[in-house]
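> When I checked Swiss-Prot for this same protein, it listed these features:
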BINDING   166-173, 191-195, 212-215, 279-282, 308-310  GTP binding site
BINDING   SER173, THR193  Mg(2+) binding site
DOMAIN    1-159  domain 'Obg'
DOMAIN    160-327  domain 'OBG-type G'
Amino acid sequence: MKFLDLCKVYIRSGGGGGGCVSFRREKFIEFGGPDGGDGGNGGSVWAEAVDGLNTLIDFRYQQHFFAKSGQPGMGSQRTGRSGDDIVLKVPVGTEIIDEDEETVIADLTEVGQRVLLAQGGNGGWGNLRFKSSTNRAPARANPGQPGIDRTIWLRLKLIADAGLLGLPNAGKSTFLSATSNARPKIADYPFTTLVPNLGVVGVDGKEFVIADIPGLIEGASEGRGLGDQFLAHVERCSVLLHLVDGTSSTIVKDYRTIIGELEAYGGDLALKPRITAMNKIDAMDSKQISDRRRALEKATGGKVFTISGVAGTGLMDVLRALWAEIDGARGDKVEEHAPWQP
């Protein structure tokens, strides 16, 4: 399935049906009085987060969603049929943004979460509604309210607990394949990964979701390489795992390149908890591992894990460190949403 994480959609709610002007006509009843029914309500447009989707590709082939209008009222106090609602089914993690591309209308982060995008117009009143003690035979009815035209953007931000960062060929896809159920494409050339991949990782009986995004290069924030468009998919992560290629002769520069791109991207991404791991130690001797780890720890100001995605060395230590951060973040969220108790 092709991956699409941003699309423009045009929606319109249905207009309300017009009210009816009608008078009761029966044998031997000369003045039957008004009996015009109301018009039906127009259909509304909703968005709903559903399980089983991880792309917006369906909206590439259909961008226009117009709800049906309500039917006009009829005589004998019959109300017109209301228009059916339209529901846009989107993946969990979809942001709905106004046409200005800045105002967030809704952020659908849970299965079943719904938001009303365009309310259908109310049906007009029939002349029966206007009957009064002074006007026994009103000959007026209301037209239905018009529908609402709206242009919106859908932006998908995948929901994962941990995000994988690094330069192209840092071994992110190999790490994901070695630690999870994901099977991303792996090859010895840059930008093998072109779209984000998700994998479920198990460690000590616990599970969490990790996201692998295409590699960043220097200047990604300015559009070089694949740009920084995929960084949106790790914005929701509790922790970031920064993989650095240990066989690189510019290991410190490589590390700082990614940090610089995180800072250029903006938001809170550069402030997220981050774990650094030096990868590909299976292709290094002990002195190289020691020297480059020391240089990297000096640059990061913290601990650096040494791992090999190919050989499986050191992976469990990294996964446990990731889980510790994720577990702490989940606990904080539970406390935030806990009801107040005296």
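Keep in mind that glycine also has a Cβ here, set from the backbone N, Cα and C atoms.
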> Got a sec? Which of these binding-site residues, ASN169, PRO214, has the most Cβ atoms within 10 Å?
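Counting every other Cβ within 10 Å of each candidate, the maximum falls on PRO214.
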> Under DSSP, is SER173 (Mg(2+) binding site) helix, strand or coil?
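SER173 (Mg(2+) binding site) sits in a helix per DSSP.
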> Note the mean pLDDT of the domain 'Obg' (1-159), expressed as a whole number.
90
> Cβ atoms within 10 Å, counted per site: which of SER173, SER308 has the most, among these binding-site residues?
SER173
> Can you tell which of LYS172, LYS280 has the least company, meaning the fewest other C-beta atoms within 10 angstroms of its C-beta, among these binding-site residues?
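Selected from the binding-site residues LYS172, LYS280 on minimum Cβ neighbours within 10 Å: LYS280.
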> How would DSSP class VAL195 (GTP binding site) in three states?
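The residue in question, VAL195 (GTP binding site), is coil (DSSP, three-state).
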